[in-house]
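So Swiss-Prot lists the following for this protein:
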REPEAT    32-118  repeat 'Solcar 1'
REPEAT    126-214  repeat 'Solcar 2'
REPEAT    236-326  repeat 'Solcar 3'
TRANSMEM  33-52  transmembrane segment
TRANSMEM  95-112  transmembrane segment
TRANSMEM  132-149  transmembrane segment
TRANSMEM  189-209  transmembrane segment
TRANSMEM  242-262  transmembrane segment
TRANSMEM  297-317  transmembrane segment
Amino acid sequence: MAAAAAALAATEPPPAMPQAAGAGGPAARRDFYWLRSFLAGGIAGCCAKTTVAPLDRVKVLLQAHNHHYRHLGVFSTLRAVPKKEGYLGLYKGNGAMMIRIFPYGAIQFMAFEHYKTLITTKLGVSGHVHRLMAGSMAGMTAVICTYPLDMVRVRLAFQVKGEHTYTGIIHAFKTIYAKEGGFLGFYRGLMPTILGMAPYAGVSFFTFGTLKSVGLSYAPTLLGRPSSDNPNVLVLKTHINLLCGGVAGAIAQTISYPFDVTRRRMQLGAVLPEFEKCLTMRETMKYVYGHHGIRKGLYRGLSLNYIRCVPSQAVAFTTYELMKQFFHLN
């Protein structure tokens with residue numbers, strides 16, 4: 001993380017020169033640039049995850065084969081959860097999700113912009129490749145910084161009404177720390193998460209950025225419009241942003257999904273009866289493949305992930321593009 005922080009610091013815009021009140025220009029745009037970029041990414045992440053929170057809960061239940069819902073499909077589970085736990089059951093774990101997703105989204109989008117600049121200026125890598133590299137690095141940075149919050153969120157989402165191991169976020173933190181190896185207990189499943197996040201974030205940012213670049217290059221009038229904060233910059237129209245974000249999410253999710261399944265099982269740890277057979281990433285993937293195969297194991301719940309990932313990424317990229325204009329980041 002120190003290396004990541006140093007890399008980000010290397011591309012921080014220089015301090016703005018004092019200007020008269022109300023003055024615009026490049027210097028004014030650099031005022032609190034990091035804070036504005038951080039807020040834009042955080043808001044984008046929260047909007048995206050709130051949109052698909054019920055689907056996230058169902059995904060966790062299906063991936064880990066919760067015994068109450070193991071024989072049900074995606075839509076059957078969506079109907080069964082409210083009957084058993086009430087409609088708020090679809091949002092179980094969402095409080096922890098919001099606490100995690102704001103810094104996650106903020107760090108990821110902010111890091112992407114800075115890594116992209118760093119890779120281009122310091123390494124001389126340009127074209128579309130720098131988006132792939134910057135996206136992968138940004139995703140890994142965000143994961144490492146916020147992983148303990150995701151661990152707690154998954155534990156809370158896996159609980160079923162009447163069978164609570166944890167009473168809330170703070171209790172979950174205390175219990176995991178006390179019973180699962182202290183601080184390291186919060187990082188179970190980190191390796192498959194990083195291995196899954198690198199291609200996911202990389203492909204996601206690469207696909208969206210490439211579609212945006214190609215679209216604005218070949219059909220600027222049809223697909224684009226001037227940015228509200230900087231008329232000299234073309235941005236995609238909102239509905240085109242949504243489409244490009246959805247396509248990017250679908251492609252990225254297909255590539256990285258087996259790592260996501262592995263991560264969830266490792267995060268749940270002692271909550272699962274087969275805990276001792278899933279201590280490492282290799283053991284977990286071997287267990288899931290051996291007992292459930294590819295379609296019902298490593299790719300179980302993928303249909304749900306398409307349903308949740310496409311709108312989630314569409315909303316995330318679109319909201320971020322709008323926030324960039326609102327916070328004068330273009």
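Every residue, even glycine, has its Cβ placed from backbone N, Cα and C.
Note that the structure is a prediction, hence the values are computed from the model and not measured.
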So which residues does the transmembrane segment (297-317) touch in its own chain, when a touch means Cβ under 8 Å and the partner is 6 or more beyond its ends?
44-45, 47-49, 51-52, 55-56, 58-59, 62-63, 65, 74, 105, 204, 208, 241-246, 248-250, 252-254, 257-258, 260-262, 285, 288-289, 291
I need to check the long-range neighbours of the transmembrane segment (242-262): which residues 6 or more away from its ends have a CB within less than 8 Å of a CB in the stretch?
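Apart from its flanks, the transmembrane segment (242-262) reaches 63, 189, 192-193, 195-197, 199-208, 211-212, 215, 236, 281, 284-285, 288, 297-302, 305-306, 309-318.
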Would you mind giving the whole-number mean pLDDT across the repeat 'Solcar 3' (236-326)?
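In the predicted model, the repeat 'Solcar 3' (236-326) has a mean pLDDT of 85.
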